[in-house]
Number of protein chains: 2
Amino acid sequence: MVFKISPLTPQNIQELSPLSGVRIATAKAGIKYKDRTDLLFMVFDKPVSVAGVFTRSKCPSAPVEHCRASLPHGVARGVVVNSGNANAFTGRKGKNTTNEIVFAAANTLKVRENEIFIASTGVIGEPMDASGIVSLLPSMAETAEKGNWLEAAKAIMTTDTFPKLATRTFDCGGENVTIHGIAKGAGMIAPDMATMLSFVISDATISSDMLQSMLSEAVQGSFNSITVDSDTSTSDTLMLFATGKEHFPCITSQSDSRYSVFVKQLGALLHELALQVVCDGEGARHLIEVNVTGATTDNAAKTIALSIANSPLVKTAIAGEDANWGRVVMAVGKAGVEVDRDLLTIWFGEHCVAVNGERDPTYCEETIGAYMQGKHITIRVDIGLGAGEATVWSCDLTKEYVMINSDYRN
Amino acid sequence: MVFKISPLTPQNIQELSPLSGVRIATAKAGIKYKDRTDLLFMVFDKPVSVAGVFTRSKCPSAPVEHCRASLPHGVARGVVVNSGNANAFTGRKGKNTTNEIVFAAANTLKVRENEIFIASTGVIGEPMDASGIVSLLPSMAETAEKGNWLEAAKAIMTTDTFPKLATRTFDCGGENVTIHGIAKGAGMIAPDMATMLSFVISDATISSDMLQSMLSEAVQGSFNSITVDSDTSTSDTLMLFATGKEHFPCITSQSDSRYSVFVKQLGALLHELALQVVCDGEGARHLIEVNVTGATTDNAAKTIALSIANSPLVKTAIAGEDANWGRVVMAVGKAGVEVDRDLLTIWFGEHCVAVNGERDPTYCEETIGAYMQGKHITIRVDIGLGAGEATVWSCDLTKEYVMINSDYRN
């Protein structure tokens, strides 16, 4: 199946600069796809700090289990990622496959197995053979280069229609620091560790425990605030590495003034990646931003925002460029948290469509209709009860989503 | 827009027999649709017992509010139902519209306003004018006839592709008793009072409080166990009336042996209507039955079953006749209740597809592929932890669902 490139694709998709401490190689392992790369090997020549957040699925994949178990060691030397097969729900075989790949990578780099991180994305439940991957790792380790970020982002794609990269360079306590990130998404995207895979690497020097705390903080407004189809993957993995640079004393405490500088930039980068994931949601034609204010608490606001962002009827209306705000009311009503129908105010973009429990008297179908033809639709709901607020991002539900997912395995 | 008739339409859609105590009229009020009926007036010439369950939406429609407020009076004399406009989120105007219709119906029948029940279904948020309905009620009351059930079921349809009726006649304590029911569904269907509208009438003699208790019991395994798109309507209304017949002493207690006889038949009838609603879910091409056993509790089983039945990725796979049981694992994992991946067993129909955390060794794509081409797909999951179980019904997610809902208002 060939997918149309998302109309929400960023205008510039550019190679990122080389980053000290990390070398990258990609290859064609032929796991599922033909004539494209499907294997990524990221090599850290010296030990680097590492942090990660993973799916909250009760049925996680074997690779997720390996990463979770290895994280407390706090050191990374290599990352192996394949697309085409998620190696999830593959039982003992799947665990063996993961172990074989990890063992081969550790052996190649002459490091410990819990210093190798691994992620797999693609079909669930199909046994995956390790041999095609294992045999490629030694030559990949040799040819891996600084740079190659665009190739890395391409190798981990599944039904993504564009590679996802983001970068930030900023002053952090008098030193220039860079963060690069890649991600893949497309389907099975929901909050509570949202995207399927994302790898973020900085050249800053940061202890692993601080890195973990930064990541947990930065993920809330980014990957944990997006949803494509409310379906939570078995394989969601977001990892952050810090390779460390000279003249940059290690950040080991939250009271270090550079901590918040870094978190802010990290948050912005993750947000950019997360929005790229939504913009490339399967079949997506519109990016939807849902902003809820005036709820009793921030949590209540997020529950309402997700109820709107996940509603099939809201998402199909946006696909049809139909300002069907009645369905927004429905989604507010079904969220189950405290609301008062007659205090709701609803805007599409800048246009107030409903107020005081009914259609806004100034409502103009033509004006709203023109707004709905834009690619980025903002739905704002004020609940009128308190100060709780939240914003989440989603995409529309189109015929293409159904077509892509009706026959994914073939 | 013209919708293809659901391939899951029942083979026989038949007129029901006249039922003593109730007369029915339908008319074309031109609320939204042209050239079809959109108004139903059900007249009880003597006071009858009444029970109801309604949407749990926090933003219910004005008609739902009127019914809720009137129910404690425990007497019904008439029911007015219109399709084409839900009169929901229409503010003070909507309340006035409801009041005008109720007042006119009460005046026509010379009864109290809280003896008139009302339901509206269709677009949300559009103001609805009462005058077209009000002017028709007197002539409808005059011409209303015993029978006319098929016409009643047709008048309340929105995007339904077939009228929904069910009936039971059975011996209840030595007397023959009949229950007739009609329903409409199609979209915005989720548990917690599932269908949009359903009206069920029996000629048995039952007190209103017993009727309410019977209805609350019978709704659990029927309308509260179905889902089309996880979206809960602002207008869901299920009402049960008992007109009372001679030689049938009133059921006034749960210890009356006829109570359980009636509840059992009522449950079967509601189940039949609920399945018709699922079979006519917007764009539905397959009926999906999800049966979860071995969960820690019945509630846990229902949470898992609904997670599967509402998953867009499971529903699109069924649409594509793809036995993508990996997505079933995903949906089990995201449900958030206690499961152990390696204890799961999954069947499609009679065919075991996964066991002990991986694909069943006897898995045969051809056999499963043939099964998936059937219209009624059963997904069974055994969690392997306890004795909790639940069954829910859903339908697949097709391109047609998206097409129907992308442009509903136009």
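Heads up, the Cβ atoms here are built off N, Cα and C, so glycines get one too.
Remember, it's a predicted structure, so these values are computed and weren't measured experimentally.
Feature annotations, reproduced from TrEMBL:
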BINDING   B:Thr158, B:Lys184, B:Thr195, B:Glu282, B:Asn405  substrate binding site
ACT_SITE  B:Thr195  active site, nucleophile
Residues from the binding-site residues B:Thr158, B:Lys184, B:Glu282 that lie close to chain A, Cβ under 8 Å, in sequence order: none
Assigned element (helix, strand, coil) containing B:Thr158 (substrate binding site), judged by DSSP: coil
B:Thr158 (substrate binding site) CB neighbourhood, other CB atoms within 10 A: 23
Secondary structure of B:Glu282 (substrate binding site) (DSSP, helix/strand/coil): coil
Three-state secondary structure, B:Lys184 (substrate binding site) (per DSSP): strand
Other CB atoms, at most 10 A from the CB of B:Lys184 (substrate binding site): 27
Neighbour tally for B:Glu282 (substrate binding site), based on other Cβ positions within 10 Å of its Cβ: 30
